[in-house]
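Trainee: Input: one structure, supplied below.
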Amino acid sequence: MADVYPVDPAFAADARITREQYATLYRESIEHPEQFWGKAAQRLDWFKQPTQIKDVSFALDDFHVRWFGDGELNASVNCLDRQLATRGDKTALLFEPDSPDSPSYPVTYRELYERVCKLGNALRNLGVKKGDRVTIYLPMIVDAAVAMLACARIGAVHSVVFGGFAANSIADRVIDCQSKLIITADEGLRGGKKIPLKANVDAALKIPGTNTVETVLVVRHTGGAVDMQAPRDRWFHDVVDGQPAECEPERMNAEDPLFILYTSGSTGKPKGVLHTTAGYLLFASYTHEVVFDLREDDIYWCTADVGWVTGHSYIVYGPLANGATAVMFEGVPNYPNVSRFWEVIDKHQVTIFYTAPTAIRALMREGEAPVKKTSRSSLRLLGSVGEPINPEAWRWYYEVVGDSRCPIVDTWWQTETGGILISPLAGAVDLKPGSATLPFFGVQPALVDAEGKILEGATEGNLVLLDSWPGQMRTVYGDHQRFIDTYFRTYPGSYFTGDGCRRDADGYYWITGRVDDVINVSGHRIGTAEVESALVSHPKVAEAAVVGFPHDVKGQGIYAYVTLIAGETPSEELHKELVSWVRKEIGPIASPDHLQWAPGLPKTRSGKIMRRILRKIAENAPDQLGDTSTLADPSVVDSLVNERLTR
C-alpha cells in the first residue's frame, strides 16, 4: 500500500496553485504578512479600502487581534450584490431535500439576493438594529442561508444553533447572547423523521432569562401543526413576502462582529466564538478557493450542517463570496438507502465533495456495492473535515469513492480558526493518508512540550500557532478573560489549539486528537463537563465522570461513569432514563455510548477525579493505568476495571 500519493501531473497542470507557487506564496505570507494579506484583501469589495492591514499582539499584557482595522464593507454585498452583474442567473445554492422523492431546486444569485433583501427589510421593521443578536434555529434549507445573510446585511449578529440541540441548549445560547429575535421553522426533516423545531423553541423560551426575545419568525417547512403565540410568533412568509427586493446594506467596520457560534469547551458551558466581518470573510473565501482548487463551473458539495462552523465557512460565506454553486443537503447519508450521497453526486454532477470521516467510516461498513452502483464520474476533488481521518478510511475514500483519481484534501481547522489552517493543496502537495500535511498561507504551526518549549524536527507535542491569521476568532462573547485564559495562557505568546500533533521527517503534520477534556464525536465537539453536569442534574445521580474512547465509526464515543445516590440501585430502566435525560438536556449528539455504574470514582486525596485512569479503563487498556498510589482509595479502580464495558 502506498504511503505517499504524489501530486497527479494532470491535476497539477491545471491547478490554481503549483508546488513552486505554494512555496513562494507561503514564504511571502510568513516573511511579509502585511504585504501578502494587503494583496489578498483585494478579493473583497470594500466601501472603504483598508490601509492598516495587521495589528496583532499575543502578549498577555497587551493582547489584541485586528485585521484591516480601518476598512469598511458588508459581507452580504460580497456574497450577493457583486455577483449580480456577471453571475445573476448562475445557481448559488442547489437545494436537495431530505427525501429524494421531494423536488430539488436551484436558487440563483439574483433570487438569493432578493430573498435576503426582503428578510433584511422585515428584520429592520421588527426593530432589529446593527449589533443586535438574532438566533437562527433552522433545518438545512435555503432560508437558513437567507437568514444568515440578511443579518449580515443589516449588521445584526447571527447565532446559529444546530437543529439537533434540545430546548436547554437553545435557551443557554439565547441567554448568553441576549438574543432579540429567533428564526425557526415548524419542523425539520432528517432521515424521514420530523424534528419539532418550533416546539423546542417554545420550550426554550419558557426557561427564565430568555425574555430578551421579542419575536419568533416561523418558516412553514413541513406544514406540521404548531402552536403560535400572538404577538410573539409570526409566520415568516407573512412578514417577508410583501417587502421590497432592495435593502440598503449597513456599512460595517472590518472588526465589527459578523456572528457568534457556540462551541464546547473543556469546562462548563459552551463558549460563544465571535468572528468579525472582514478577516473572517476574506479567510473563508480565500481558503475555499485555493484548497478546493475552485473553477467557475464547479458544483461544490459540503455535507455539513449550517449549525456548525463548516456550514458557515464552506456552504454559505466562502462559496458565495467566490460566486460558486453549492449544494445544500437537508438529508443524511443513509436515508432512504446507503447510496444516497453517491446518488446525489450523480444527480447534480457534483465535482467537489467535502464530508466527515464519520460518514466515510459508516458508509465503508456497508461495502463497495452501494458506491459502485453509481457513476461518480463528475468528481474531481474530495475533502475531509471535522476530525482526523484514519488511513484505512482515507484509502477507501480515495480508491472506492474517487476511483483512485481524485486527490483528497484532509483539512484541519476549528470553530475558533474561521477557516482551514492545515491542508494539502491538491496541485502542490503530495498526499499521505491520515496527514493534514502542510499549513495554509500565513499559518505558523509549532509543536511544544508540556513546558512550552518549541520542539524541532520530526517529533510529537501540543499544537500551537505562533502568529495570527485573518480568520482568527476575536473573543469569547461577553467573556474576554475566558478567551485569553483558554487559548493564550497555557503557552504565553502562542495560540493553543487543544490538539496533540505529530510532525514527520517531511514536515507533514498529523493531528492526533484533543489533549483537553473535549471529545470529538462524529466531528462534533462535546465538552465532558457539559455531559457530566447533565447527568449530575438527574435527581438519582450523585456523581458522574465522562471520558472519550475510540469508536469505529464516530472516531470517539462517550463513556460515562455514574455513581448513584445512597439508596438507589442500578437498573436497565434507569440506564435508559439517564441516556434519554442527556438527550433532553443537551441533544442526541451527546448520548453516552457506554454508561457504567461506578460504586466510586478514582480520586486523589485532594478530591480530584483522575480522568487519566478512567480514560484508560474506557479504552480497554487496564494494563496502562500508571501510578495509582496517590489515590484516596485504590480499590475503586479494581472494581471499575472488572466491570468495564469495552472488553
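Glycine is no exception: its Cβ is also placed from the backbone N, Cα and C atoms.
The annotation CoA binding site is assigned in Swiss-Prot to Arg190, Gly191, Gly192, Lys193, Thr310, Asn334, Ser522, Arg583 on the grounds of sequence analysis. Annotation comment: Swiss-Prot describes Gly386, Glu387, Pro388, Asp410, Thr411, Trp412, Trp413, Gln414, Thr415, Asp499, Arg514, Arg525 as ATP binding site, evidence class sequence analysis. Feature annotation from Swiss-Prot assigns Mg(2+) binding site to Val536, His538, Val541. Marked as N6-acetyllysine by Swiss-Prot on the basis of sequence analysis: Lys608.
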Trainee: How many other Cβ atoms sit within 10 Å of the Cβ of His538 (Mg(2+) binding site)?
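Mentor: Its Cβ has 18 other Cβ atoms within 10 Å.
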Trainee: In angstrom units, rounded to an integer, how far apart are the Cα atoms of Gly191 (CoA binding site) and Gly386 (ATP binding site)?
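Mentor: Gly191 (CoA binding site) to Gly386 (ATP binding site), Cα-Cα distance: 21 Å.
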Trainee: About how far apart, in whole Å, are the alpha carbons (Cα) of Gly386 (ATP binding site) and Ser522 (CoA binding site)?
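Mentor: Gly386 (ATP binding site) and Ser522 (CoA binding site) have their Cα atoms 8 Å apart.
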Trainee: Using other CB atoms within 10 angstroms as the count, which residue among the binding-site residues Asn334, Thr411 scores least?
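Mentor: If we count Cβ atoms within 10 Å for the binding-site residues Asn334, Thr411, the smallest count is at Asn334.
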Trainee: Go through Val536, Val541, our binding-site residues, and report the one whose Cβ sees the most other Cβ atoms within 10 Å.
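Mentor: Result of the Cβ crowding comparison: Val541.
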Trainee: Would you please pick out, from the binding-site residues Gly192, Gly386, Pro388, the one with the fewest other Cβ atoms within 10 Å of its Cβ?
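Mentor: Candidates: the binding-site residues Gly192, Gly386, Pro388. Fewest Cβ atoms within 10 Å: Gly192.
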Trainee: Tell me, which binding-site residues from Pro388, Thr411, Arg514, Val536 are within 10 Å of Thr310 (CoA binding site) if we use the C-alpha atoms?
Mentor: none
Trainee: Which residues does Arg190 (CoA binding site) neighbour through Cβ under 8 Å, counting only same-chain ones at least six apart?
Mentor: Asp98, Pro139, Gly163, Gly164, Glu330, Gly331, Val332
Trainee: By CA-CA distance, flag whichever of Lys193, Trp413, Arg514, Ser522, Val536 among the binding-site residues is nearest to the residue listed as 'N6-acetyllysine'.
Mentor: Val536
Trainee: If you count other CB atoms within 10 A of each CB, which of Thr310, Thr415, Ser522 wins among these binding-site residues?
Mentor: Thr310
Trainee: Report, as a single number, how many Cβ atoms besides its own are within 10 Å of the Cβ of Lys608 (N6-acetyllysine).
Mentor: 11
Trainee: Just name the most isolated of the binding-site residues Lys193, Arg514, Arg583, going by other Cβ atoms within 10 Å of its Cβ.
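Mentor: Counting other Cβ atoms within 10 Å of each of the binding-site residues Lys193, Arg514, Arg583, the minimum falls on Lys193.
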Trainee: In whole Å, how far does the CA atom of His538 (Mg(2+) binding site) lie from that of Ser522 (CoA binding site)?
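Mentor: Cα-Cα, rounded: 26 Å.
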Trainee: For Val536 (Mg(2+) binding site) and Pro388 (ATP binding site), determine the Cα separation and express it in whole Å.
Mentor: 31
Trainee: For the C-alpha pair, I'd like the distance in angstrom between Thr411 (ATP binding site) and Gly192 (CoA binding site), rounded off.
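Mentor: That comes out at 31 Å between the alpha carbons.
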Trainee: Write out the long-range same-chain contacts of Trp413 (ATP binding site), meaning residues 6 or more apart in sequence whose Cβ is under 8 Å from its Cβ.
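Mentor: Once residues fewer than 6 apart are set aside, Trp413 (ATP binding site) is near Val385, Gly419, Ile420, Leu421, Ile422.
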Trainee: Starting from the Cβ of Gly191 (CoA binding site), draw a 10 Å sphere and report how many other Cβ atoms land inside it.
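Mentor: Other Cβ atoms within 10 Å of Gly191 (CoA binding site): 15.
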